[in-house]
Amino acid sequence: MSAHTLPDLPYAYDALEPFISRQIMELHHKKHHQTYVNALNAAEASYAKSSTPRERIALQAALKFNGGGHINHSLFWKNLAPASSEGKGNGGSLKAGPLKEAIEQTFGSLDALKKEFNATTAGIQGSGWGWLGLNPSTRRLEITTTANQDPLLTHVPIIGVDIWEHAFYLQYLNVKVDYLNAIWSVINFEEAEKRYTEGLSSSKL
């Protein structure tokens, strides 16, 4: 089994400023995500050497937490883009297309989606993730959350937002709502639409 590696960011560490600072991005990517990758590789190596069900069961928590952390953050980096409002990129810009149509059909407007998403995500107790996901059964967009580093398994992830303090505290302190309001300016809706159309065309999660 090949080792997992830290993916490169598709932009510079300061590219999401002023909405997410360079300091946060460097720590979040180089330190936090790297830690999940290292711990996942260690857990998988231990699992490969384990010889009893007891040993394998004992590793499940580490595999879930660190595997989820790696999966979620790998999605998260692609989920973001330099802000169009700052003339830097396409972040925050939802153009006409199937995703915009689905958002308007389900929520009424992008602003209504943001309001409901932010309220749901801000309500997470402790750490976790807020998600806009595609329900594979109904083929409709839904807002949901996962605790800790649990990956989204019930839906196709379209947009995921990290609500762990390491994602925002150095810039927004304990004011989650300010962070949630700001992050929409750097959401990569082109990537989200790609996931949405791929999710519609596939029965697989």
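Each Cβ is built from the backbone N, Cα and C atoms, and glycine gets one as well.
Lifted from TrEMBL, the feature list:
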BINDING   HIS28, HIS73, ASP162, HIS166  Mn(2+) binding site
DOMAIN    4-81  domain 'Manganese/iron superoxide dismutase N-terminal'
DOMAIN    96-195  domain 'Manganese/iron superoxide dismutase C-terminal'
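Distribution of TrEMBL features across the structure.
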{"residue": "HIS28", "record": "Mn(2+) binding site", "Cβ neighbours (10 Å)": "23"}
{"residue": "HIS73", "record": "Mn(2+) binding site", "Cβ neighbours (10 Å)": "26"}
{"residue": "ASP162", "record": "Mn(2+) binding site", "Cβ neighbours (10 Å)": "24"}
{"residue": "HIS166", "record": "Mn(2+) binding site", "Cβ neighbours (10 Å)": "14"}
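The average pLDDT computed over the domain 'Manganese/iron superoxide dismutase C-terminal' (96-195) stands at 97.
Apart from HIS28, HIS73, ASP162, HIS166, the Mn(2+) site neighbourhood in this chain, defined by C-beta within 8 angstroms of the site C-beta centre, holds HIS29, HIS32, HIS33, PHE76, TRP164, ALA167.
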